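Before any comments, here is the structure.
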Amino acid sequence: MRPPPALALAGLCLLALPAAAASYFGLTGREVLTPFPGLGTAAAPAQGGAHLKQCDLLKLSRRQKQLCRREPGLAETLRDAAHLGLLECQFQFRHERWNCSLEGRMGLLKRGFKETAFLYAVSSAALTHTLARACSAGRMERCTCDDSPGLESRQAWQWGVCGDNLKYSTKFLSNFLGSKRGNKDLRARADAHNTHVGIKAVKSGLRTTCKCHGVSGSCAVRTCWKQLSPFRETGQVLKLRYDSAVKVSSATNEALGRLELWAPARQGSLTKGLAPRSGDLVYMEDSPSFCRPSKYSPGTAGRVCSREASCSSLCCGRGYDTQSRLVAFSCHCQVQWCCYVECQQCVQEELVYTCKH
């Protein structure tokens, strides 16, 4: 059954980015982490030939590489975004059968699983977050602090701290993130939708922070700035979206003459189906179990688990081995006069549980 045209469009107007935008970068790119020899995360942005060389080292599309070469400081930001997305993905899925292992990632990207949806969302979210922070930190040449507070009673507020520039970040992403496909097939639209979910999750975490100034804390003047929430909070939001992801198919919007995402009604539901909401992660195929090694994951054999919380599910019914090990930790700590804490080293026995093969 075809949905009404207006219904099929619900929730698809997102952040004014192109409908076909998709995150072919980070965990959804050809290569996740490209090391820059001799460059630490706190290094100053490279200039000139060094910047161009760093752009060439990244596995980007031709258009993305051109944008990178025109933006001094962008190469380091892209690298940091890839790291951030990977670390957050692995943290959020550390107790799951699929733990965001790089092994099998390319196989996942060829399918429409829930895990694929999360990779697109966390990659676009990490890039949005990192780019906004890079602007406020002065690491990008073409952008600076957010300078459009949009608050009431501006006369009473003095903007003095450099805010995270989410406006520039989302505008830049509209050019940087592009689809390898057209927007005519279901997979392309699903990738675009999940990319937007990641961007929207970052945007929802933007907060206005103020500090009062004045005699006796009268707050006659306030210094305010816009600040993104920690990326861990964004990761938690996206993990919740993953847990409640919506399976979709396609339907033709007769008014616009194009395919739209469509979530069929669940069995026993009184509704005929709806378009997914703008914050829903969407997928097209049921995921494999991830229990055994496959082209999608290395399986769960040898994974450390919690006997009370995760061994039953993580080990897929194969059981688990128990090993004892000695762990050193600081104990009997005392504050010594003035300036330091003195501790003893203690050792305790710890049981470690690992999934059987």
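Each Cβ is built from the backbone N, Cα and C atoms, and glycine gets one as well.
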If you consult Swiss-Prot, the disulfide counterpart of Cys331 among Cys316, Cys339, Cys343, Cys346 turns out to be Cys346
Take the Cβ of Asn99 (N-linked glycosylation site) and count every other Cβ within 10 Å, whichever protein chain it belongs to.
-> 18
Cα within 10 Å of Cys315 (disulfide bond) - qualifying disulfide-bonded residues among Cys100, Cys291, Cys305 = Cys291, Cys305
Taking the disulfide-bonded residues one at a time (Cys212, Cys315, Cys316, Cys331, Cys338), which has its Cβ surrounded by the most other Cβ atoms within 10 Å?
-> Cys315
List the residues of the same chain that sit at least 6 positions away from Cys346 (disulfide bond) in sequence and have their Cβ under 8 Å from its Cβ, in sequence order, or write 'none'.
-> Ala328, Phe329, Ser330, Cys331, His332
Closest of the recorded positions to Cys333 (disulfide bond), Cα to Cα, picking from Asn99, Cys143, Cys291?
-> Asn99
